């Protein structure tokens, strides 16, 4: 049967129906977005303009901050605009573009987190071979693989959604174009599509999360042989990763494992990985990381000296 699509635009129902609540959260999400931009730009500048960029952990952290910036910029500006708008509409083509982009960037971010876990595992379990195993060429390969897997995931998801007929209602019970709220508008049986979506997104997220949990259990097991100072340093670094992984993966698992059509709090829970996690990541990685704090302090003093004319020519 030929695919029929009579919908040219969608209308977001948003997070809340209350206009006063929406105005309040307009300013809240605006402040959150500014905090995301400032925090992640600070991390990018601190790492790229210091010796930290030579270390694999900070190389991956730099890419993670870039993904947080790009991902939130595909979601949050439109959310802020819609909170202050009378009509929250988006064209069909723009909706599909947002769907593809957000899943591409989220997929890349997931596998950057896997690369960061691998980096910590090698650093703690095989410290003598760390720089040989985690050389820059291998780090670049891991980043390229993350982009490749993310692209494959988002393209396959997009092709499935593009093949579905939207011939009736066009109100999306969400604030972004995501696969589950879109499936509720499809005018055909979606049981098979639900299974495909859970396999493509839900099971992948669960499998990756279990791999990450297993890697951190192995890291904790191997820390028994380290000195108390080494254990403290390793636990401080790993605890930051664990907090970021939990903030990102737990809401994703809740949303993408359950089938479309089930009654849940998808749009409220999704705020955690679209806004809250990218905002907290810079705080988690800087407040709990001595090297980042020292590097940021050096940059601050450097700019302060230059501003007051006390820095020497060429001094960093």
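Any Cβ shown, glycine's included, is placed from N, Cα and C.
For 39-285, the entry in TrEMBL reads domain 'G-protein coupled receptors family 1 profile'.
Annotation source TrEMBL lists transmembrane segment at 23-45 (among others).
Positions annotated as transmembrane segment by TrEMBL: 57-80 (among others).
If you look up TrEMBL, you'll see 100-118 (among others) marked as transmembrane segment. Note on the transmembrane segment (100-118): residues 57, 60-61, 63-64, 67-68, 70-71, 74-75, 139, 142-143, 145-147, 149-151, 153-155, 157-158, 176-179, 201, 205, 208, 211-212, 215-216, 241, 244-245, 248, 252, 273 of its chain, located 6 or more positions outside it, place their CB under 8 angstroms from a CB of the stretch.
Beyond the ends of the transmembrane segment (139-164), by six or more residues, the same chain brings 3, 56, 59-60, 63, 96, 99-101, 103-108, 110-112, 114-115, 118, 179, 182-183, 186, 188, 190, 193, 196-197, 200-201, 204 to within a C-beta distance below 8 angstroms of the stretch. Residues or ranges marked as transmembrane segment by TrEMBL: 139-164 (among others).
What TrEMBL lists as transmembrane segment is 203-223 (among others).
If you look up TrEMBL, you'll see 235-257 (among others) marked as transmembrane segment.
Taken from TrEMBL, the feature transmembrane segment covers 269-287 (among others).
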Query = Taking the transmembrane segment (269-287) as reference, which of 23-45, 57-80, 203-223, 235-257 has the most Cβ pairs under 8 angstroms?
reply = 235-257
Residues from the same chain, set at least six apart from the ends of the transmembrane segment (23-45), whose C-beta lies under 8 A from its own = 15-16, 61-62, 65-66, 68-69, 72, 76-77, 79-80, 83-84, 275-276, 278-279, 281-283, 285-286, 292, 296, 299
Task = Please indicate, using numbers and ranges, the residues of the same chain that are 6 or more beyond the transmembrane segment (57-80) and have a C-beta under 8 Å from a C-beta there.
result = 26, 29-30, 32-33, 36-37, 40-41, 43-44, 47-48, 90, 98, 101-102, 105-106, 108-109, 112-113, 115-116, 119-120, 123, 136, 139, 142-143, 146, 175-176, 237, 274-275, 277-278, 281-282, 285, 291-292
Message = How about long-range neighbours of the transmembrane segment (235-257): same chain, 6 or more residues beyond its ends, C-beta under 8 Å?
response = 57, 106, 109-110, 113, 116-117, 120, 124, 180, 197-198, 201-203, 205-206, 208-209, 212, 216, 219-220, 223, 264, 266, 269-270, 272-273, 276-277, 280-281, 284-285, 288-290
